[in-house]
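What Swiss-Prot lists as active site, proton acceptor is Asp320, and the listing cites sequence analysis. Annotation comment: Swiss-Prot describes Lys22, Ser23, Arg27, Ser168, Ser169, Gln170, Ser199, Asp320, Lys347 as 3-phosphoshikimate binding site, evidence class sequence analysis. Among the features that Swiss-Prot reports, phosphoenolpyruvate binding site is placed at Lys22, Gly93, Arg121, Gln170, Arg351, Arg394, Lys419, with the record citing sequence analysis.
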Amino acid sequence: MEFLDLGPFSRASGTIRLPGSKSISNRVLLLAALAEGETTITNLLDSDDTRVMLDALEKLGVRLKRDGDTCVVTGTRGAFTARTADLFLGNAGTAVRPLTAALAVNGGDYRIHGVPRMHERPIGDLVDGLRQLGARIDYEENEGYPPLRIRPGQINADAPITVRGDVSSQFLTSLLMTLPLLRTESGVSTVQVDGELISKPYIEITIKLMERFGIKVERHGWHQFVVPAGQRYQSPGTIMVEGDASSASYFLAAGALGGGPLRVEGVGRASIQGDVGFADALIKMGANLQMGDDWIEVRGVGHDSGKLEPIDMDCNLIPDAAMTIAVAALFADGATTLRNIASWRVKETDRLAAMATELRKVGAKVQEGEDYLVIEPPEKLTPNAAIDTYDDHRMAMCFSLVSLGGVPVRINDPKCVGKTFPDYFERFTALAQP
């Protein structure tokens, strides 16, 4: 197995310009593909997840011109020209879920599959919602999970669609992005959310991006979403992908743990991503933090001890960045509790179990519940811990922060960061100092 040894480091400072957001990149690619007109996308993330989306769109007949972090997409006016396709989508939930919905109403014969872990990530609630529209979708192996076979169905969007909201917000995102492709006699398409909707900021991203492409979504609280009929996706001409706020969290934490000043450019007060809320969590933990419209800067912590304050936090709104809080909790002056993180269990790995296991390797006492973690930091971090990453990019990036505790740490399978941030470790070590 490949591994990477980091540290020991004690300082971190400098400036980093973030790569484009994964969540925004894949949404914008699909919206541009479905729109009328040509869209130029700038600061597009180059990663495993965006590459599988790009490859899939090309197989579906979409014309793309790529040049570095810029991609020009010629829209299909709401219907893919390829009526058959076999699409391998890796472990990219941001590709599998929205493409499943778009293809379910496209009138073709498609197969969607991915890596083994993708076939363990649930999609049943989305399929149930699409079947309410008349979509024909079959499970090839296990009920409720990919791989999927999609065939032409009799699509009718007049009746409201009901979808669960407590497993993944991507199910609702996928339905919302698909509804403008449909005609209705009632004049509206409606989605009702059953139960508590998790990761609400990701739905806000979807709605705001749909607006950029000319689609108005009416939101009634968090339980009903209405798309008026007669709308079509229209290219905005040019759209820039803002920096990835989840990726920002590692560098913001490094600025707190390593003294800074460390400035992150590409996200800030004007960001549409919920994970920018990680900055608020870091302030509650005692970090000295300033924020502009598209930058955030951290200069260590405000306590003479140099330690962070422990917090008790509901992480529903920042599920990905909450992983960074879990590792930052190793540097706190007391036990930190992270709540409402059940969605971690159906991500790239079971992140609750994985996080608890790896935190214990560096000396923490960890209590793992169904939807929470309690992390009690050690007196001293265990040096030379070998961190398993579970083919999960965020596990690898989070645990790089351990090296800022003045101890070396080994990251197994470091190339898994290719999912969202291929050169993460080069960028991290350029800012960290002994």
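Placed from the backbone N, Cα and C atoms, the Cβ positions cover glycine too.
These numbers come from a predicted model, not from an experiment.
Swiss-Prot feature annotations superimposed on the structure.
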| residue | record | contacts (Cβ under 8 Å, 6+ apart) |
| --- | --- | --- |
| Lys22 | 3-phosphoshikimate binding site | Leu45, Ser47, Asp49, Thr50, Thr94, Asp244, Ser246, Lys419, Thr420 |
| Gly93 | phosphoenolpyruvate binding site | Met118, Arg121, Ser168, Gln170, Lys347 |
| Ser169 | 3-phosphoshikimate binding site | Leu197, Ile198, Ser199, Lys200, Tyr202, Ile203 |
| Asp320 | active site, proton acceptor | Ser246, Ser249, Asp275, Arg394 |
| Arg351 | phosphoenolpyruvate binding site | Met323, Ile341, Trp344, Arg345, Asp392, Arg394, Met395 |
Where Arg394 (phosphoenolpyruvate binding site) sits in the secondary structure, as DSSP reduces it to three classes: helix
Neighbourhood of Arg27 (3-phosphoshikimate binding site) by C-beta distance under 8 A, where only residues 6 or more apart in the same chain count: Thr94, Pro98, Thr173, Met177, Ile205, Thr206, Leu209
Greatest inter-residue Cα distance in Å for the phosphoenolpyruvate-binding set Lys22, Gly93, Arg121, Gln170, Arg351, Arg394, Lys419: 19
Conformational class of Lys347 (3-phosphoshikimate binding site) under the three-state DSSP mapping: coil
Candidates Arg121, Lys347, Arg394, Lys419: member of the binding-site residues with the richest Cβ shell (10 Å): Arg394
